[in-house]
């Protein structure tokens, strides 16, 4: 493109991009009309968009964000962007900057997106103002169309008929008026309605998404409990201080800036229980933290932010706490695992006594909580149970579940972060998790030894222990709560590694990596269950202002057709060219359907968050009772879509590591209920795929074995 006609330049780039896409994904170039074919219809996922972005940068010197590719646009429209920004374009052409056009900053999937190492920069100048786009307005017809289609492959014909009738009734009744209310609602009100319905209004004692954990790598250096607690406390306080003074760059994902609003809820905040609905409270920065051990509650007063935390001092403080908490006390913290209305009533009763107000206030206002556990988990399953449910029996005697962020350190020096989900999603805590993981390689023991030539007591920071005043009835109720925890059963955690099923292989075979990993899990679960189950994947909307997450039910008719066909195929059958070609066609259709779904939701045009927004609009115009809720929100389809409904026990996720060690995400997760409750975290690497499976022990073992068979089928199909 040394010079010449602008239209010719665009056609040239469009043709080159189409040819490149034919090399990256399984698509016949004759199917591509650059002026009509949407990029999303070709099955381009976040990983392929990064490959394409890098190639465009090399070939045409045109700066692009990978998120600008993952939009519902034609190849010609993409070529127009490339030509307008290309440094090798004719001087007469109008150039635009990828940094100046907010409308182009569409999000990419997370927990569904992945970046190859060293492909993306990770942060912007923290002093540069960033105005993120609002979530796009979406038509009512588009929302309901997506919702109806989401149930086509998983609901019975009768259920689909009821759903269709409810949608017609909604469109002809309250729907358009509610959509108009929604379009005129402040964006903050929509975000608050989401939190209200998804988290704060739910009354269950422990919800599937209420708490999630991120376990620190077991490959980190070995530490004693006190040394590990010392390292993590210093690192967390450092992070919190920088965040409090605004010295923390906004995070990025695939080149797009992420909203920093919600990470401000990491520290000095709490979820306060209510009889009908809970409330989130945020307090001014405080220089103290709270430590829980064996029912004891300690407050550590840390130095002013201008003074560094001394490893020897915090070490001595934790040693003093261990010495002072040998005798177990009543575990009042277990009340936070109770049904929310019950906990709200109990808390009001506790607050009637001044001696209880002090520890409650300290916990509410402290920067964060450190939980020193007695247990010493060794296996993946034991660690999963320990950090999520405080042990194999799920007693939850050493957690304060209302706190957005807690550090947990076991007796054998393992550790994890535990988060309350109301204000925090995976993207909001990703940089803190990486910061804490990195801190585990620091050597503080030498400093501790040098400083401990003197008196340990003189080195320690000020500590205050609080007491509780609780009656016999309260103690009995705590016992009941702890016994209830055992009903969740023992959850195992296993990792399956499949060599040869990585980026390199997928590039050569023109298969989208995330969609292929997702289909591998669905096929494995089908081989175990013998039936198709709804499956759920999360996308992040963090590149939007006040964006959170959205859910996608991923089993479409195309996906179902592939899974059912692949389950009957043996290795010998794939030697038949007819069988292979037929199954590959089904595979390609399934991956295109999956990537299209995920990209649509990640662009802010999904259906679950939008239907919750409609419920928020309903609540803003009416204090309706159950019978006033439109029929649409009383269908089986909505009941199985809303958070906490039935049929949501199969979840599949990804986490974008942005060039950091993916081992940081090997362990962690949330509560999975039921005998077939399962969460599979997928991690596609250059030369292999890794599947982290959380489920009941027997079921996890069966799925892991089936993953071997499923990945063999897919590998043999693509090879």
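Each residue, glycine too, has its Cβ placed from N, Cα and C.
Your range for region 'Disordered', going by TrEMBL and the list 40-87, 88-135, is 88-135. Reduced to three states, the DSSP call for residue 421 (active site, proton acceptor) is coil.
The domain 'Carrier' (7-86): residue composition by secondary structure is 54 helix, 2 strand, 24 coil, according to DSSP. With a 10 A radius on its CB, residue 421 (active site, proton acceptor) counts 20 other CB atoms from all the protein chains.
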